[in-house]
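Down below is the structure, laid out as C-alpha cells.
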Amino acid sequence: MGEHEEKHEESLMVKLAEKIHGHDSSSDSDIDEPSESSIKAKVFRLFGRERSVHHVFGGGKSADTFLWRNKKISAGVLGVATVIWVLFELLEYHLLTLVCHVLIFALVILFLWSNAYAFINKSPLCIREVHIPKDPVIEFAEALRFETNLAFTVFRDIASGRDLKKFLYVIAGLWILSIVGSWCNFVTLFYIVFVLLHTVPVLYEKYEDKADPFAEKAMHEIKKQYAVFNANVLNKIPRGPSKEKKKD
C-alpha cells in the first residue's frame with residue numbers, strides 16, 4: 001500500500017510539473033507575440049501611415065478606381081479624362097463650343113430615334129425624365145463649405161507668424177506650383193495629376209516593401225538637412241508671440 005501511494009504521488013507530481021511547464025511555454029509564446037507585432041509596427045511607412053493604401057484613399061469606390069480593383073471602370077475613367085484632354089488641348093476645343101456640339105448631337109439622335117420609333121411601332125417613344133437628386137447636392141455643398149472654411153482657418157493660422165516651419169513649407173509649395181503652372185495650363189496640369197493618381201498609388205501598393213526603405217533614407221536625409229538649416233537660419237529669425245503668451 002505504501003509503495004502504491006508513493007507511485008500515485010509521483011504521478012501527480014509529474015502531471016503538475018507538466019502543467020506548469022506548459023503554462024510557462026504558453027506565457028513565453030504570449031510574450032513573444034507582442035514583440036513580433038512591435039517589430040512590425042516599427043517598419044517605416046511613407047508619410048507615417050498605419051493603414052493600407054486602400055484605406056488612405058477612403059476605402060470606397062474612389063479607392064477601387066485609383067487602385068485598379070475594377071480594371072474596366074478604372075480604364076474607362078482614365079479614357080474619358082484622356083478624351084477630354086485631347087479635345088481641349090490637341091483639338092483646341094472651347095468649353096462652350098464642346099457643350100453646344102454635344103447637345104446638338106444628342107438632340108439630333110433623340111429626335112431621329114423618336115420619329116423612327118413612332119413610325120415603326122405606331123406609338124411615341126417614351127423618353128425618361130432626368131432629375132438631379134437633392135441630397136447629394138446638399139452634401140457636396142456642405143463638404144465644399146467645410147473645406148473652404150478649413151482652408152481659411154489654416155491660411156489665417158499660417159499668416160499669424162506662429163509656425164515658421166509651416167509658413168516656409170506653404171511658401172515653397174506655392175512657389176513650386178507657380179513654376180509648374182507657367183509650364184502648362186490648368187487643364188494639362190489637372191490631367192497630369194489625374195494620371196498620376198491612377199498610376200503612382202497602384203505601383204506603390206505593389207512595390208511598397210521596396211519603396212519604403214528608400215523613402216526612409218530620403219526622409220532621414222531631409223530631416224538632417226532641415227536640422228542644419230533650422231539651427232543656422234530659422235532660429236535666428238524673430239517670431240510672433242505664441243498662443244501661451246497671449247493667454248497669459
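Backbone N, Cα and C atoms are what each Cβ position is placed from, and that goes for glycine too.
Please treat TrEMBL annotations as automatic predictions, because they have not gone through curation.
If you check TrEMBL, you get these features:
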type	residues	note
DOMAIN	62-248	domain 'Reticulon'
TRANSMEM	73-88	transmembrane segment
TRANSMEM	94-113	transmembrane segment
TRANSMEM	167-197	transmembrane segment
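For the domain 'Reticulon' (62-248), the model's average pLDDT works out to 84.
Nonlocal intrachain contacts for the transmembrane segment (167-197), taken as residues 6+ away from its ends with a CB within less than 8 angstroms of a stretch CB, comprise 66, 78, 81-82, 84-85, 88-89, 158, 161, 234.
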